[in-house]
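Trainee: If you look up TrEMBL, you'll see 61-123 marked as domain 'Transient receptor ion channel'. Under the heading transmembrane segment, TrEMBL lists 274-295, 315-337, 365-386, 398-420.
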Amino acid sequence: MRSFSCWRATRKLMEQIQNPEYSTTMDIAPVILAAHRNNYEILTMLLKQDVSLPKPHAVGCECTLCSAKNKKDSLRHSRFRLDIYRCLASPALIMLTEEDPILRAFELSADLKELSLVEVEFRNDYEELARQCKMFAKDLLAQARNSRELEVILNHTSSDEPLDKRGLLEERMNLSRLKLAIKYNQKEDKKNTMGPALERIDYLLILWIIGMIWSDIKRLWYEGLEDFLEESRNQLSFVMNSLYLATFALKVVAHNKFHDFADRKDWDAFHPTLVAEGLFAFANVLSYLRLFFMYTTSSILGPLQISMGQMLQDFGKFLGMFLLVLFSFTIGLTQLYDKGYTPKEQKDCVGIFCEQQSNDTFHSFIGTCFALFWYIFSLAHVAIFVTRFSYGEELQSFVGAVIVGTYNVVVVIVLTKLLVAMLHNSFQLIANHEDKEWKFARAKLWLSYFDDKCTLPPPFNIIPSPKTICYMISSLSKWICSHTSKGRVKRQNSLKEWRTLKQKRNENYQKVMCCLVHRYLTSMRQKMQSTDQATVENLNELRQDLSKFRNEIRDLLGFRTSKYAMFYPRN
């Protein structure tokens, strides 16, 4: 009876919702407030009354309305956008307005994550909403009770996604929803010297590189540029293949352009062969580092590998700050010691690692940069208070010593400790939920092997496989048959069959999604009832405790023996 009266009162208020005088504020509409409270029943009534849902504008929107609001009060406009996204992220509203709540939760989570990087004042709020959308999708998927329902959900494709017709007819598992979840949860005259010719092992390596490049091209074609670059493994592979290509290109240039023979010790420092050898060394380092991604399959080394990846991201942020400090002090020392410098003697020991080295190394930008870098590890032997061109300028030596000392304080004491704290914080963030992070990374690795993109590893993938030949013959035969009358009829029948299967799959998905939504609502209501029951029990216990406390106080004050005891009964 009480709920019925509340319902009638709500119905009466529904007639006045269009009047702004009855709203809490001029900005927040009743549907937004109901979505903030995640009230399924109130939202159902509001949506039946054809209440329009708010649509947020982009952050940099220059329409008349946004320009006026920004000019009047930019903070209020930003908070209004946050309120709209808090409304759209409501699980109850998503279930009522979307045919595919899981897809909407994924897309909204990605949008909120991007907004958290733009709206820095409300970053924590947007990140919390993104986590809320992820938790809603997870809780909704948790309502699946058998493998058939899970298969329907994970293999469903929306109308905007490319559909594999062959996979649909053959009823293969494409796991499009799982892939989507992973996609959503950076001049002098020189002597000509002939470079060595390519050896047999070089030609074999070229075949391997062509195979790896072809594998990356196929992955880039299927996934797209944005998804391809999101994977750190693909980034590493791209850099490695680029270094290998540059290596062999420089070797070919050195062999074809330089025709005069000369000893290796007489080569120029930037000879193409020497540069190619340096690039080849870096490429080999990256090639062996690719084995690091195989640690993901191990339950022991996998979490450590994920923690190290997070640490490298933080180290990249730290590197930007460190390079700015390094270049600042490098420019200052170079400008200080470069005035009037002329080398007067030939030294047997050259470089910053020489024990007899003076501050001559500060007369060039590269030398100063190297010296300051190795100062961090106490490996640079540089005498600060020695000037080669004038021993009388003590002020210059003093200024140089102050600059180097300040650099040591800033970098060695402050920035190094900051880096240690950042790495420790990153490790703790991953260690708190390392099992979940490891399973997610392992699922991404498994999906890369499930994809039907590269049948054979490099360099065998450059050879057409029987599967590719069969696909080519099948496509050619279908193209030839499509130009005949019998082939047209067969093609129309196959299209009808494909449309029927697609419609049937969509119907099965909608049925399963309705079941999941009902189960989610039931579990949510049970939690609310248990919470309300616990609240009533706590109030009763608190009432009893207060009554006992009152009686004990009366006993202590002697109210029972006083003449006013009749006015203060125990019960």
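Even glycines carry a Cβ here, placed using N, Cα and C.
Please treat TrEMBL annotations as automatic predictions, because they have not gone through curation.
Buried or exposed, and what's around them? Tell me for each listed feature.
Mentor: Per-residue pLDDT, averaged across the domain 'Transient receptor ion channel' (61-123), gives 86.
Through the fold, the transmembrane segment (274-295) approaches residues 233, 236-237, 239-240, 243-244, 246-248, 250-251, 254, 267-268, 301-302, 304-305, 445 of its own chain, all at least 6 residues removed from its boundaries and within a Cβ separation under 8 Å.
For the transmembrane segment (315-337), same-chain residues at least 6 beyond its ends with a Cβ under 8 Å from one of its own Cβ atoms are 359, 362-365, 368-369, 372-373, 387, 396, 399-400, 403-404, 406-407, 410-411, 415, 418-419, 422-423.
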